[in-house]
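For reference, Swiss-Prot has these:
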type     : residues                                : note
ACT_SITE : H88                                     : active site, proton donor
BINDING  : W26, A58, I59, E60, V80, V81, I82, N113 : 5-amino-6-(D-ribitylamino)uracil binding site
BINDING  : E85, T86, R127                          : (2S)-2-hydroxy-3-oxobutyl phosphate binding site
Amino acid sequence: MSGAGVPDMPALHAEDVTLAIVASTWHETICDALLDGARKVAEQAGVTDPTVVRVLGAIEIPVVAQALARTHDAVIALGVVIRGETPHFDYVCDAVTQGLTRVSLDASTPVANGVLTVNTENQALDRAGLPNSAEDKGAQAAAAALSTALTLRQLASPS
């Protein structure tokens, strides 16, 4: 199981960061939990009203993240892809990962990849931030996005 070596999430002060979250609706219980975790971290960091956009599946996430990256300081991508019996899993995971990376680099905007790519539904549930989950990948993605946005801001305005 994942979770070993996870760093402590820093206390973030991101009150003036504009944040967007794009989350799929496929595997609703898991995606809703990921979204809840991301929203909690955002609120703790002072981001009270992030833009939230829901899409059907993971493959739609990168293009919506691209639109959001044009108008926000950070974007969080949330979803889940569970391996099936065909190569479709590999194609979707690769397309989503490459798409999100490209959006982040092209827009110079952090896009945190909180899209779970797992072999089983139980693995996804264990990472979704539910009461019995070992991890909260939605919360971790939010911390990564906000932390990176603040780092980029510091780099852009040297002391």
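The backbone N, Cα and C atoms fix where each Cβ goes, glycine too.
Since we're looking at a predicted model, the values are computed, not measured.
Features recorded in Swiss-Prot, as mapped to the structure shown.
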{"residue": "W26", "record": "5-amino-6-(D-ribitylamino)uracil binding site", "CB count, 10 Å": "16"}
{"residue": "A58", "record": "5-amino-6-(D-ribitylamino)uracil binding site", "CB count, 10 Å": "26"}
{"residue": "I59", "record": "5-amino-6-(D-ribitylamino)uracil binding site", "CB count, 10 Å": "19"}
{"residue": "V81", "record": "5-amino-6-(D-ribitylamino)uracil binding site", "CB count, 10 Å": "24"}
{"residue": "I82", "record": "5-amino-6-(D-ribitylamino)uracil binding site", "CB count, 10 Å": "17"}
{"residue": "E85", "record": "(2S)-2-hydroxy-3-oxobutyl phosphate binding site", "CB count, 10 Å": "6"}
{"residue": "T86", "record": "(2S)-2-hydroxy-3-oxobutyl phosphate binding site", "CB count, 10 Å": "8"}
{"residue": "H88", "record": "active site, proton donor", "CB count, 10 Å": "12"}
{"residue": "N113", "record": "5-amino-6-(D-ribitylamino)uracil binding site", "CB count, 10 Å": "24"}
{"residue": "R127", "record": "(2S)-2-hydroxy-3-oxobutyl phosphate binding site", "CB count, 10 Å": "26"}
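The binding-site residues under consideration are E60, V80. Their Cβ neighbour counts within 10 Å are lowest for E60. In this structure, the CA atom of A58 (5-amino-6-(D-ribitylamino)uracil binding site) is 12 Å away from the CA atom of H88 (active site, proton donor). Across the residues the record lists as binding (2S)-2-hydroxy-3-oxobutyl phosphate (E85, T86, R127), the two Cα atoms farthest apart are 23 Å from each other. In terms of C-alpha distance, the listed recorded positions T86, H88, R127 place H88 closest to E60 (5-amino-6-(D-ribitylamino)uracil binding site). In this structure the C-alpha atoms belonging to H88 (active site, proton donor) and V80 (5-amino-6-(D-ribitylamino)uracil binding site) are separated by 13 Å. Reduced to three states, the DSSP call for N113 (5-amino-6-(D-ribitylamino)uracil binding site) is strand.
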